[in-house]
Amino acid sequence: SVGFKAGVKDYKLTYYTPDYETKDTDILAAFRVTPQPGVPPEEAGAAVAAESSTGTWTTVWTDGLTSLDRYKGRCYDIEPVAGEENQYIAYVAYPLDLFEEGSVTNMFTSIVGNVFGFKALRALRLEDLRIPPAYSKTFQGPPHGIQVERDKLNKYGRPLLGCTIKPKLGLSAKNYGRAVYECLRGGLDFTKDDENVNSQPFMRWRDRFLFCAEALYKAQAETGEIKGHYLNATAGTCEEMIKRAVFARELGVPIVMHDYLTGGFTANTSLAHYCRDNGLLLHIHRAMHAVIDRQKNHGIHFRVLAKALRMSGGDHIHSGTVVGKLEGERDITLGFVDLLRDDFIEKDRSRGIYFTQDWVSLPGVLPVASGGIHVWHMPALTEIFGDDSVLQFGGGTLGHPWGNAPGAVANRVALEACVQARNEGRDLAREGNEIIREASKWSPELAAACEVWKEIKFEFQAMDTL
């Protein structure tokens, strides 16, 4: 008889191992699994473990040439999701050797590459990943991190202020540079290329880089503060992207930008390495994230995309506002904000954190709050995000009735007033409106901004609930 039993057998016989003790070097994943009717949860969980590691649909002869015990993913726990019918959290442990060192691309190809189209599952969502130090140590991570950035910019004890230049498409390079100058001159720390500003017929990248650099140096000379503009280096090829970053470095600017999901993790990691080697800060935009993370029961939660970015590398990343026009529930948002900034984050299911994450010495990333925010939100933003954050007001700067520079002044005055009030021990959550009103008495720019946006609200229920 042949020492090999052909045929199709249940995944759970091999891949469901409730007695497994997870190792410190394992990558752990929490999946929200919705099995098809009639598929038992253990089989569904085991199928996820199998299809995202060593398994295939039938027994194969070559299984005998390797050690499944050493290389297979294992579903080691399953729990029903409270309040949902036929939905489970399946916990899967992957041996470290399944992954190429320093490659977020390979990590995702393995863990989420194939299994999401699996027929036995109705839907599947990757809720969280535990990255062991043994793996995170193979990544460079953010080019510089929070402390180094503060030292480069010489700005301490407050959030940083930014503004996305609008209208995002259609301005000529010179007019674009003019808007950059006005915002920086008025008191912002940064201005930003929109995520879809790359190199279009109405404004080629090199012209934009030159005019923005000119704007930056002029504003720096006049204010005595260090200024930055996120020059978007995202391009159609990796070579072109690096070429743009090189030109930014030659201009002597402090920071470039990348769209990490549309650009891809391979390109992003290359750019992050270039930025560390050449002293450039790297601002990351998450364009396309909602395609992946917005559905509650299928896709990948943003906290996983945020962890992946910290490994791939970026110094800033957009992470929702909690108060503006885009998705983000407070506790869950603060959960992944901590995952971006802190060294050690405790498991806390109420904030959507399924695993304790120890980043050891990987630098942190500044969360960027951007999208539909204005001066009245400033106390809440200061309270929610604290000092280590970038607050970005696009329309909330450029929409000021007196123009861009007064819009920037209004935001800077509001921010400084909130920081001062907080440092004096006042309660921003309770007295926020009062603090802004007081400041607007001596700042006509702020008073005008307060008048324009006093009624604006984006009130819809958040989708991202636990």
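A Cβ is built for glycine as well, from the same backbone N, Cα and C atoms used for every other residue.
The record from Swiss-Prot ties Asn114, Thr164, Lys168, Arg286, Ser370 to substrate, and of the options His316, His318 it ties His318 to that site too.
Between the C-alpha atoms of Ser370 (substrate binding site) and Lys5 (N6,N6,N6-trimethyllysine), the distance comes to 57 Å. Cβ-based crowding with a 10 Å cutoff singles out His285 as the top-ranked of the recorded positions Lys5, His285.
The DSSP secondary structure for His285 (active site, proton acceptor) is strand. Neighbours of Thr164 (substrate binding site) among the recorded positions Lys5, Lys192, His285, defined as a Cα within 10 Å of its Cα, are Lys192. Between the candidate recorded positions, Lys168, Lys192, His318, the densest Cβ environment within 10 Å is the one around Lys192. Cβ neighbours within 10 Å of Arg286 (substrate binding site), excluding its own Cβ and spanning all shown chains: 23.
If you take the C-beta of Asn114 (substrate binding site) and look for same-chain residues 6 or more apart in sequence within under 8 angstroms, you find Glu51, Ser52.
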